[in-house]
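Trainee: The structure that follows is given in the form of C-alpha cells.
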Amino acid sequence: MVQKVSPNDSGIPTPANPHTNRSCRDTPCLVLFIVFWIGMWLVANVALKTGDPERLLDSFGQLCGYNNTAGNATQLDFTNRTQLYLTNPFELTSLSLCVSQCPNKSELTTYTMSLCNYTTTASPILTTFAQQVYNGTCTGFVYASTGVLNRCVPLDETEYLLSLVMSSGQGNHTRNGTLSGIVDVLASDLDVASRAVSDIRTGWYFLAFGPLGALILAFGWLLLLRWFAGVFVWVSIMIADTIAVVGAAWLWSYYTQRRNNYNAEVNPVDMDLWEERAALGAFVVVTVIAVGLVCTTLCMYRRIRIAIQVIKEASTAMRSMPLIAWINRIPRINHFSISFVLVTPILTPTAVFFPFIPWFAMMALFAYFLWIMMYLATPTTADVSVTVMGRTWSDPKESEYLQWYHLFGFLWGWAFLSGVNDMTLAGSFATYYWTLDKNHLPALPVIGSFYRTLRYHLGSIAFGSLLIALLQRQAAAAGRNQLTQCLLSCLQCCLGCLSKVVQWFNRNAYIEMSIRGRAFLPSAMSACGLMLRNALRMVALNAVAGFCLFLSKIAITLATALACYWIVQREVNDGKVQLHFPFLPVIIVAIEAYAVAEVFLSIYQMGIDTVFLCFLEDEEINDGSEKKPFYMSKNMQSIVHKQNQAVSPV
C-alpha cells in the first residue's frame, strides 16, 4: 500500500499551505498606487467643477443654449436654441447650427423652411437657392431627428425622404441635378444606416442570447480538448509535415521536367531558363522547410507530448474547480439549504466565471476614464478660435497636464486589475497542481487565491502594472510629439515587442508569486530562469497551445455564427421576424462569440502557463521520494520517465 505524503510535510511553500513564507510584499508600491489614486480623485473633482461636456459649439464657435452676447457683442443670443443640428450627420465637419427644436419630419426644403447659417438668408430664386445649397450655406433637405444630449440624432424615417427624392422633379430645376444628387447620396446613407439600426432593434434577442450560446459551446469545446487535444495537435503536425514533403517532391518533379524541356529545345529562350531556376530555388526552399519540420517533429517529440499533457491537465483543472468543492458538501446539507447550495455556485466566483468579474470592473474603469476625460477635455477656460478649416480649441496647459495624469492612472489601473485577475487564476491553478490527491481539493480555491492576492500581493501587482503603464504612457507621449512621430512609426515594432516581453515577464512573475509568495522581482527572476533552463519545452508548449487556442476561438466563433444564421433564417422564412439585412445579426453575434471565446480561453491560457511552470518547478525541486514527492499526474510522470517511490506504511 502506498503512503501519500501531505503537501505540508514536503516543506514546499505551495498554495495548499498558503501562509507558508507569505507576508505583505512590495508595500511601498501599493502605497504609491493608493496615493496616485487619491490624486485621481482630486483630478476628477477639478474636472467636474471646471468642465462642461454638455456645451455645444456650432460651426461658428457659438454656444447653443447660452447668451453669447454677454462675452462678445458680435455673437448671438442662443438662449432658446438648445439643440445642435448637423446638416450632414455622417460628416462631422459639415455645417452645424443651433436650433430651437429638432426637425420632426424628413423632407426636401424650400427657401421658406431651409436652415442657413446665421449671416445668410435663403433666396426665393430657385437657381440662387440651389447655389446656396451647393455651397453649403443652406440645407436642401432636413431629416427627422430627436434630441439626444441636446444633439439632433436621425430617426428611422428616411425611406420617406428617399421616395421624395426619387419622385420629386425639383432636382431637374438645377444644373446637372446638383440638389438632387446631394440629397440622393445622403438619403442613401441614411437609409442604409436606419435599416441596420432597425434590424438590430428587431433582432435584439439574437444579440442577447448569442454570448450565452458561445459560452455553452466554449464549455463543450473544453471537454473536447480534454480528450482530443493530442489528436488535434498530432494530426495537424502530420498534415504540415506531409504537405511540406509532398510539396518538395512535386517541385523536384516539376524542376526535372522544366530542365529536360529546356535541354530538348533547339533554341531555348531566357524565360524557360528563368522558370527552371525558379523551380530549383523553390525546391531548395521547400526542402529545407520540410527537413526542418520533420527533424523538429522527431527531436521535439517528447516535448510536444509534455505540451499536450499540460493542456490536458489545465482542462482537467478547469473542470474540477467549479464543482468539486460543492459535490463533497451535498450529502451534508439539509432541505432548508438546498436552494442556497444551488444558487451559491452561480454567484460564487469560480475558475470559469471569475475572469468575467474583473472584466466588468475593467469596463467600469474604462467608463469612468471616459466620463472624467469628457470634463477634462471641455474646460470652461478654453479659448475657441474659428478659421477656414473650422473651429479649434486652445486648452490651458493645466488641463493638458491633468489629462495626461488621468490617462496614466487609467493605464495603471487597467494593468492592475488585469494583474489581480492573472494572480487569482494562477493561484487557483497552482492550488490544483500542488495537491497530491486531486479528488480532495481545498474548498473554494478561487476565493482562497483571491484572498491571498488581496492579503499579500497587491503591492507586487502594483509594481508589475506600473512597468506596463510606464511603457504604454511613453508610447502615447511619443505619439503626441510631432518631432518624434516619424521615429515612432519606425520604432513601433520594437515598442510592441518590448511591451510583449514586459507582459510575459509580469505573467510569469505572478505565477511564481502564487506558488512561492515572494516579492515581484525575485519571483520574476526565478520564473525567467526556470523558463530559460527549459527553453525548448517552452517553445513547444507555446506552439502547441497557441495552435489549440487559435483553433478553439475559430471553432467557437464559427459554430455560434452558423447556429445564429440557421435560427435567423428559420425565423425569417416562417415570417416571425422581418429583417432588411439577415446577415447583420449573424455578424454581430460572431463578434460577440469571439469576445466570449477570448475571455473564456484567457482562463485556459493562464491555466496552461501555470501548470507548465508548476511542472518545471516540481521536476526541479522534487525527486519522488517520501519527503519530496512529485505532484505531477501519473501520465506526466510516465512521459518524463519519473515516478513517486512506493513507501510501506509504518
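The backbone N, Cα and C atoms fix where each Cβ goes, glycine too.
Predicted automatically and left uncurated, TrEMBL annotations should be read as such.
Just so it is clear, the model here is predicted, and its values are computed rather than measured.
What TrEMBL shows for this protein is this:
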TRANSMEM  29-48  transmembrane segment
TRANSMEM  204-224  transmembrane segment
TRANSMEM  231-252  transmembrane segment
TRANSMEM  278-301  transmembrane segment
TRANSMEM  336-357  transmembrane segment
TRANSMEM  363-386  transmembrane segment
TRANSMEM  407-434  transmembrane segment
TRANSMEM  454-471  transmembrane segment
TRANSMEM  539-568  transmembrane segment
TRANSMEM  580-601  transmembrane segment
Trainee: Could you name the stretch, out of 204-224, 278-301, 454-471, 539-568, with the greatest number of CB pairs under 8 A to the transmembrane segment (231-252)?
Mentor: 278-301
Trainee: Using a threshold of three or more Cβ pairs below 8 Å, and leaving out pairs closer than 6 in sequence, do the transmembrane segment (454-471) and the transmembrane segment (407-434) count as in contact?
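Mentor: Counting Cβ pairs under 8 Å, at least 3, so yes.
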Trainee: Would you kindly list the residues that approach the transmembrane segment (454-471) from elsewhere in its chain, counting only those six or more residues past its ends and only Cβ-Cβ distances under 8 Å?
Mentor: 22-33, 408, 411-412, 414-416, 418-420, 423, 495, 498-499, 502-503, 505-506, 509-510, 513, 517, 519-521, 523-524
Trainee: What residues elsewhere in the chain lie close to the transmembrane segment (278-301), defined as a C-beta under 8 angstroms and at least 6 residues from its ends?
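Mentor: Distant Cβ neighbours of the transmembrane segment (278-301) are 237, 240-241, 244-245, 247-248, 251-252, 254-255, 258, 536, 540.
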